[in-house]
Amino acid sequence: MDEIKPKKEENSKRRRNVKPICRETGDHVHYLPTCKTKPKPTRTHHAPPPILDSIFKVTHKPHYYECRKNHAADIGTTAYDGCGEFVSSTGEEDSLNCAACGCHRNFHREELIPENGGVTETVLEVLKISSCQFRRIFCSPYGGGKSEGKKKKKEKESYGGDPIIKDRFGGAEEEEGIVKRLKTKFTAEQTEKMRDYAEKLRWKVRPERQEEVEEFCVEIGVNRKNFRIWMNNHKDKIIIDE
């Protein structure tokens with residue numbers, strides 16, 4: 001029995017040391033040493049940029065006025081002692097009792113007043129802010145920085161029948177590449193002639209009649225492109241009216 005026990009212990013040790021064999025290749029399987037993964041660092045969420053109230057800190061000072069203690073509350077009526085303003089009994093700001101009426105400071109009406117004593121003026125303490133926070137708060141979010149006065153202005157003038165008029169005097173709008181497009185106006189005589197000629201063309205300009213249309217436009221003083229635009233805009237309207 002004593003010899004059997006050491007044999008069993010040797011067999012159990014061998015089984016522990018035996019490495020597993022892969023069924024497909026027949027090789028011993030080597031396990032890689034397990035390593036503990038390091039936890040990912042957590043990102044700290046920064047607070048949003050401060051608003052104007054935090055940039056300009058307004059400091060106030062409490063001031064106590066008339067006493068509102070009801071001395072006749074026990075008998076069901078109202079009676080005040082007539083004290084119009086809290087007076088410190090010790091001459092210090094931290095005093096809690098009024099020297100005039102003897103009541104506690106909480107019975108007096110409290111009002112916050114700026115430290116400089118003014119009504120409209122306030123004491124502003126400018127806090128330190130970074131340049132990035134300054135841009136977020138004070139700079140334009142659209143990145144333009146241009147005033148609204150530089151927008152396109154609508155003009156109601158007609159200039160020789162040309163549909164597009166550019167600023168030829170080196171204005172700001174020409175530098176920015178802005179082209180003013182004006183609405184072309186025609187006289188009653190031009191409108192009547194264009195209508196008669198459009199009916200003659202059956203409201204369509206064919207390629208073989210391009211030169212004829214050009215001569216007609218020069219004769220009445222209208223740009224050929226304007227005439228075609230006018231004809232396309234009024235073709236359906238005139239046909240419906242008829």
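Numbers here mean position along the shown chain, with the first residue as 1.
Note that Cβ sites are derived from N, Cα and C of the backbone, with glycine treated the same way.
Feature list (source: Swiss-Prot):
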- 64-111: zinc finger (ZN_FING)
- 144-166: region 'Disordered' (REGION)
- 155-166: compositional bias 'Basic and acidic residues' (COMPBIAS)
- 179-238: DNA-binding region (DNA_BIND)
- MET231: site 'Required for DNA-binding' (SITE)
### Query
10 Å Cβ neighbour count around MET231 (site 'Required for DNA-binding')?
19
### Task
With DSSP as the yardstick, break the zinc finger (64-111) down into helix, strand and coil residue counts.
3 helix, 12 strand, 33 coil
